[in-house]
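Q: Please read through the structure below; I'll follow up with questions.
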Amino acid sequence: MITTLRLLPDADGIARSAAILKDGGLVAFPTETVYGLGGAATIDSAVQGIYAAKRRPGHNPLIVHVPDLVAAEKLAVFDEQSRRLAHAFWPGPMTLVLPLRAGAGLSQHVTAGHSSVALRIPAHPVAQQLLRATGLPLAAPSANPSGRISPTTARHVLDGLSGRIAAVLDGGPCTVGVESTIIAPGTPARLLRPGGIPIEALELVLGHTPSRTADAARPLAPGQLASHYAPDAALRLNVTTPNAGEIWIGFGPCPGAALSLSASGDVTEAATCLFDILRQADALAGPAGHIAVAPVPLTGLGLAINDRLIRAAAPRG
Ligand code: TXA
Ligand code: MG
């Protein structure tokens, strides 16, 4: 066990974090989607440390974070469509899965042996400052133990990983609240994970609807395991009439609900608080408890919310 430092995102906190990362240590940091568990993507031991801290299976590759397109193009090969997506949505909550550039210098563990790499340019000012201060691409999966609820505050990170990482940079709560949308460019482009960029916005830039089907030669994101984001309590979805004893999470008008994703029925607001509300409901329900969630529409960020809820409700493997 090590003592995990909680660092402020001021000049000193950024400098200390950058020093730890350059030395191969692990620092969790805020992005606009969720907190990431950062390690230098070029240092084998750092990347292996990420898998160990999360207890993440080694076949599930990591997202690499860079500050700008110049840094991104050093790691991956962009075509016309990927550049169009990059210009439209970066910096922001989008990840592109692209052909790995020869000689990119990334640890082979980052891509779990794949010939593609997942890249993201986050918009969060603290993430941007950290990337620039470190001067290295940072591998960063969500900063939670594998299979559990993603963190949107420094407190959430410490609840899951305290004692297993060197530090967390506390940049306050994340604003988007669900992970990035993952896209593999192509004809058609493939939506590997719905997330912080709504599919409607992607369609406008792509000029077509991205496909959501896997085929044997090109599986969907390997990390998309059925059971994920799992609270301790059992979860029931699309519930308009909760059972006695269930902790009911409302959306829109839900008289009697213990908690609410958005009283006004706003999916963007619901995304921001989704993971924190799931944690609160889990604490209220207790270990053998039951949680019920009101229906959330599939429009806008509602697609990502429903994706996370379905995985949170899936039978545990
Ligand atoms: O918002 C986010 O994306 C956050 C923040 C920290 O950036 N990160 C995040 O990472 O959600 P993670 O590891 O929890 O999810 C990454 C997903 C996994 O499902 C993984 O399988 C997929 O990205 N992925 C990574 N590299 C890939 C690749 N080369 N091909 C296909 N999928 C890939
Ligand atoms: Mg994750």
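Using the three backbone atoms N, Cα and C, a Cβ is placed for every residue, glycine included.
Note that TrEMBL annotation is computational and uncurated.
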Q: Do you know which of Thr4, Thr33, Thr213, Thr240 TrEMBL groups with His65, Arg120, Ala140, Ser142, Ser180 in the L-threonine site?
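A: Among Thr4, Thr33, Thr213, Thr240, only Thr33 appears alongside His65, Arg120, Ala140, Ser142, Ser180 as L-threonine-binding in TrEMBL.
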Q: Starting from the ATP binding annotation in TrEMBL that includes Arg56, Asn60, Arg193, Tyr229, which of Ser17, Ser107, Ser150, Ser264 is the extra site residue?
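A: Site partner of Arg56, Asn60, Arg193, Tyr229 for ATP, according to TrEMBL: Ser150.
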Q: Non-local Cβ contacts of Thr33 (L-threonine binding site) (under 8 Å, 6 or more apart, same chain)?
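A: In sequence order, Pro93, Pro122, Cys174, Val176, Gly177, Val178, Glu179, Ser180, Gly195, Gly196 meet the Cβ cut-off.
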Q: Filter the candidate list Arg56, Ser150, Ser180, Tyr229 of binding-site residues, keeping only entries whose CB is under 6 Å from an atom of ligand 1.
A: Ser180
Q: So what's the average pLDDT for the domain 'YrdC-like' (11-197)?
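A: Value for the domain 'YrdC-like' (11-197), mean pLDDT as a whole number: 97.
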Q: Given the binding-site residues Asn60, Ser142, Ser150, Ser180, which one has the fewest other C-beta atoms within 10 angstroms of its C-beta?
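A: Relative to the other binding-site residues in Asn60, Ser142, Ser150, Ser180, Asn60 has the fewest Cβ atoms within 10 Å.
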Q: Reduced to three states, what secondary structure does DSSP give Tyr229 (ATP binding site)?
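A: Where Tyr229 (ATP binding site) sits, the three-state DSSP reduction gives coil.
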Q: Can you list which of these binding-site residues (Ala140, Ser142, Ser180, Arg193) have a Cβ closer than 6 Å to ligand 2?
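A: Passing the 6 Å Cβ check against ligand 2: Ser142.
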